[in-house]
Amino acid sequence: MTFSRTRFKPARRQGGFTLLEMLAVIVLLGIVATIVVRQVGGNVDKGKYGAGKAQLASLGMKIESYALDVGSPPKTVQQLTEKPGNASNWNGPYAKPSDLKDPFGHAFGYRFPGQHGSFDLIFYGQDGQPGGEGYSADLGNWE
């Protein structure tokens, strides 16, 4: 009887990832995603605030155009979109209804007669309330 010697090779380890390695990657991706979302979120608010400033100036010009045609600024900003009964020289609409909301979705503040000029137009910022700091700071057409 002949015995042949067979060499047994130790089992080779498969080339996959361990559970610990997978968890480490998931945690790192979560940290990176959190940082990116915070940065992008801040830039979105900055962009909306800048767009609100531009929209304030644009709406102010539309009110002035209305005043040139009719003889005085409108009593409400809604008169930019709909002809009031007493405005014979009204050549509107001067604005779309969507122009009357700021980029944060809030209505612009409006006073006629104004405290700083013939009318006051106010952008209340991110919070839509009077007062505030940062992206919630108010801006007026007189500034």
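Any Cβ shown, glycine's included, is placed from N, Cα and C.
Matching 74-95, 96-117 against TrEMBL, the residues noted as region 'Disordered' span 74-95. Broken down with DSSP, the compositional bias 'Polar residues' (75-91) shows 4 helix, 0 strand, 13 coil. Looking just at the domain 'Type II secretion system protein GspG C-terminal' (40-142), the mean pLDDT is 90.
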